[in-house]
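Notes to accompany the following structure.
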Amino acid sequence: VCLLCMQLHMIICRPALSEKNYMSAFPFVNDEEIRKTSFKNVSHPNGTSQYLPHILIIGVRKGGTRALLEMLSLHSHISAAESEIHFFDLEDQYKRGLEWYLDQMPFSYPHQLTVEKTPAYFTSDVVPERVYNMNSTIRLLLILRDPIERVLSDYTQVFYNHKQKNKSYPAVEDLLLKNDELNTDYKAINRSLYHIFMENWLKYFPLKNIYIVDGDRLIKDPFPEMQKVERFLNLSPQINVSNFYFNKTKGFYCLRDSGRDRCLHESKGRAHPQIKPFLLGKLRDYFHEPNKKFFEL
C-alpha cells in the first residue's frame with residue numbers, strides 16, 4: 001500500500017508549473033488571452049488538460065512542416081496536435097468555434113506548450129486576422145525553402161497522389177510551360193511567392209512573433225536549426241545532436257528519441273523530377289524579384 005501511494009504521488013507531481021510560474025516562464029503568452037477559453041478546466045487524473053495552441057506552424061506547404069513538428073516534439077515541454085486541423089482556413093471548421101478547436105488539441109501538462117501545424121494557413125487571406133483574434137501574442141513558425149525546390153516538391157506530391165489512384169498526371173514541363181513561356185498561373189508557382197503572403201501576416205503580427213526556419217538547412221543539418229527554434233520559443237536546450245542520424249537508405253535524417261528510432265513517412269524525401277536547364281533558368285529569373293521583396297520584408 002505504501003509503495004502504491006508513493007507511485008501515485010510521483011505521477012501527480014510530474015514536473016508541472018503553477019499557472020503563475022507558467023506565464024512568467026513563457027512571457028509571450030498573454031495572460032488575459034489564456035484565460036478566455038484557452039484551456040479546459042476538466043483535467044485528466046494525471047494532471048493534463050487541453051489548451052489552445054501557444055505555437056502555430058503556419059506553413060509553407062512542402063516546406064518541411066511535418067519534419068519540423070516531429071523534431072520539435074523531441075522536446076519534453078512540447079505537446080503537438082497530430083493532424084492538420086485546418087481550423088482557421090476552412091469555413092466549415094471555423095464556424096464550429098474555439099470550443100471545437102480546443103477539443104482537437106492534445107492533452108498536455110501545464111508546463112508544456114501546445115503546437116498545431118497546418119501549412120495552408122500561410123497562404124490564406126483570412127487566417128492572419130483570425131489567429132490574431134484568438135491570441136495576438138501567439139508565436140508563429142514559418143518554414144520555407146528555395147521556392148523552386150518547393151514548386152518541384154509540390155508537383156511531386158500531387159503526381160504521386162494521382163499515381164496511387166491509378167490516374168494520369170501531366171509531366172512537370174507541361175505544367176510549368178505555356179506557349180514556351182513560364183506558366184505563372186500554375187498554383188505551385190503562386191504558392192512560392194512568399195512576399196505576398198508575408199505582407200498579409202505582417203499586418204497583424206510583428207516580426208518578433210514570427211520565426212522563419214530554413215527548410216533547406218533543416219534537411220541537410222537539422223540540429224543547428226532546431227537550436228534556433230528552441231531559443232525563439234524560450235525553451236530549455238534539450239534537443240541535441242544525438243537525436244538525429246542520417247539514414248542512407250532514405251537519404252535524409254531520421255530521429256532518435258529515448259533509444260527509439262523513427263523516420264518520416266515514406267512519402268517524404270521523394271526525388272524531384274529533373275527539369276531542363278532553360279526551364280530552370282526561367283524559374284530563377286521569375287523568382288529573383290519576389291525573393292528580393294521577401295528578404296526586404
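We number each residue from 1, going along the chain as drawn.
Each residue, glycine too, has its Cβ placed from N, Cα and C.
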Would you mind checking which of C13, C263 shares a disulfide with C254 in TrEMBL?
C263
Cα proximity to H272 (3'-phosphoadenylyl sulfate binding site), best match among recorded positions K62, C254, C263:
K62
Might you list, by sequence position, any residue in that chain lying six or more from G64 (3'-phosphoadenylyl sulfate binding site) with a Cβ less than 8 Å away from its Cβ?
I143, R145, V213, G215, L218, I219
Suppose we draw a 10 Å sphere around the Cβ of C254 (disulfide bond). How many other Cβ atoms does it contain, all chains included?
16
Using a 10 Å radius around each Cβ and all protein chains in view, which of these recorded positions has the most neighbours: R66, S153, C263, H272?
S153
Between C263 (disulfide bond) and K62 (active site, for sulfotransferase activity), what is the CA-CA distance rounded to a whole number of Å?
17
